[in-house]
Amino acid sequence: MVKICCIGAGYVGGPTMAVIALKCPSIEVAVVDISVSRITAWNSDQLPIYEPGLDDVVKQCRGKNLFFSTDVEKHVFEADIVFVSVNTPTKTRGLGAGKAADLTYWESAARMIADVSKSDKIVVEKSTVPVKTAEAIEKILTHNSKGINFQILSNPEFLAEGTAIQDLFNPDRVLIGGRETPEGQKAIQALKDVYAHWVPADRILSTNLWSAELSKLAANAFLAQRISSVNAMSALCEATGADVTEVSYAVGKDTRIGPKFLNASVGFGGSCFQKDILNLVYICECNGLPEVAEYWKQVIKINDYQKNRFVNRVVSSMFNTVSNKKVAILGFAFKKDTGDTRETPAIDVCKGLLGDKARLSIYDPQVTEDQIQRDLTMNKFDWDHPLHLQPMSPTTVKQVSVVWDAYEATKEAHGVCILTEWDEFKTLDYQRIYDNMQKPAFIFDGRNIMNVEKLREIGFIVYSIGKPLDAWLKDMPAVA
């Protein structure tokens with residue numbers, strides 16, 4: 001029986017291994033992590049991450065051929081294939097701070113694999129890592145190998161949160177990078193055989209190691225670039241009276257461009273886009289390509305500009321001050337159908353409003369108060385380190401209250417900011433919300449999900465990103 005072990009029970013390791021276990025009943029899959037609380041959650045009815053469909057998959061396999069354990073060394077020792085899916089945060093200090101990936105967790109995983117292994121193993125990079133990481137890992141393993149053969153593969157994940165299980169069931173492509181030696185090709189074949197249980201052969205691509213590592217960074221950079229492109233257009237639309245929805249629809253009708261990832265919004269978030277672009281920028285700089293680095297930096301600059309623009313629009317609309325005014329924040333996760341708040345635009349928007357002394361009342365159906373307070377008090381990039389290395393009891397932000405109901409959040413508020421496109425926000429009773437708010441009542445739709453005409457009929461002053469401005473807003477120019 002083939003045995004697979006995955007080090008790291010997070011957003012990537014957990015769902016990926018659960019689906020492999022479901023689709024390959026003849027393979028024994030163990031997911032290991034040093035975090036006791038995380039493994040306890042994976043073994044309970046309340047999984048540590050929210051992802052539609054994940055519960056069913058885990059419950060079907062757990063205890064049969066899918067196991068979650070803190071006994072990392074035992075499972076690595078037994079495994080034929082070891083996936084490594086640990087955090088690769090952006091470095092906060094030292095060489096490359098603010099851009100380079102921190103490979104501390106990766107290196108300690110590699111050294112541990114070398115220490116405990118008594119048989120040949122295939123080691124698979126599953127985390128997003130900078131190009132050439134595989135080479136470094138290979139060196140650590142071979143220098144500590146005690147005569148054991150290790151083959152390194154790169155198998156980047158292309159999951160989108162909120163649809164991760166569907167993405168795993170029916171991937172656009174599975175990418176496997178390996179050495180161009182006979183042993184390397186044999187290792188690629190072994191991993192192909194796992195995926196071939198359910199993925200059509202023409203969707204399993206094999207490349208060399210560096211192509212696989214770079215493809216992941218490139219894919220995320222291209223996606224983020226599309227969002228920044230449409231967001232840049234949204235600013236021009238507001239200035240000229242064009243409607244960004246109409247513009248992006250017209251542009252997306254061109255089959256060479258296509259309609260996906262062309263929704264203007266308050267900005268992109270998530271654990272990968274910014275981190276991967278910063279990483280790409282750093283690699284370009286290290287390889288003497290400053291012009292290329294500068295090009296990709298703009299994608300992040302526009303994203304930051306968009307978040308600032310939104311905050312400025314809120315403040316300038318409300319008589320240029322939100323000091324001591326209650327502002328409701330609907331949605332904190334970086335997108336709907338996930339509880340993930342990593343790099344969510346809501347953090348910067350909330351911090352911007354708090355900087356102007358607003359009182360915030362926040363509601364998100366999937367994010368806990370503890371997480372929101374942690375996000376608003378944490379330093380940039382700290383979120384990507386394991387929980388036990390994060391500041392323990394976050395100092396709470398006094399002007400922030402977290403509530404469990406949109407009506408409670410909006411009661412007595414001067415303005416409402418919609419920062420996540422949760423479906424339930426489309427069907428709220430906005431007449432009721434309007435009746436319970438201070439007047440004039442403002443709605444700032446950071447996701448363009450609202451029916452603006454209806455809201456204006458009720459009496460709201462509405463700002464939608466990239467849409468023709470409300471007469472009220474025209475008189476209050478947004479300070480760029």
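Backbone N, Cα and C define each Cβ position, glycine as well.
What TrEMBL says about this protein:
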ACT_SITE  C272  active site, nucleophile
BINDING   8-13, D33, R38, 86-90, 127-128, E161, 272-275, R342  NAD(+) binding site
DOMAIN    328-452  domain 'UDP-glucose/GDP-mannose dehydrogenase C-terminal'
From the Cα of C272 (active site, nucleophile) across to the Cα of E161 (NAD(+) binding site), what is the distance in angstrom?
11
Note down the number of other Cβ atoms within 10 Å of the Cβ of the residue listed as 'active site, nucleophile', including every protein chain shown.
25
Who sits close to G8 (NAD(+) binding site): which same-chain residues at least 6 apart have their Cβ under 8 Å from its Cβ?
V31, D33, F83, V84, S85, V86, N87, A109, K126, S127
With DSSP as the reference, give the number of residues of the domain 'UDP-glucose/GDP-mannose dehydrogenase C-terminal' (328-452) in helix, strand and coil.
43 helix, 19 strand, 63 coil
Where does the mean pLDDT land for the domain 'UDP-glucose/GDP-mannose dehydrogenase C-terminal' (328-452)?
90
Sorted by position, what residues of the same chain at least six away from Q274 (NAD(+) binding site) have a C-beta under 8 A from it?
A224, F268, I300, N303, E343
Counting across all protein chains present, how many other Cβ atoms fall within 10 Å of the Cβ of Y11 (NAD(+) binding site)?
22
Please report how many Å separate the Cα atom of the residue listed as 'active site, nucleophile' from that of T90 (NAD(+) binding site), as a whole number.
10
Among all the protein chains here, how many other CB atoms are within 10 A of the CB of D33 (NAD(+) binding site)?
24
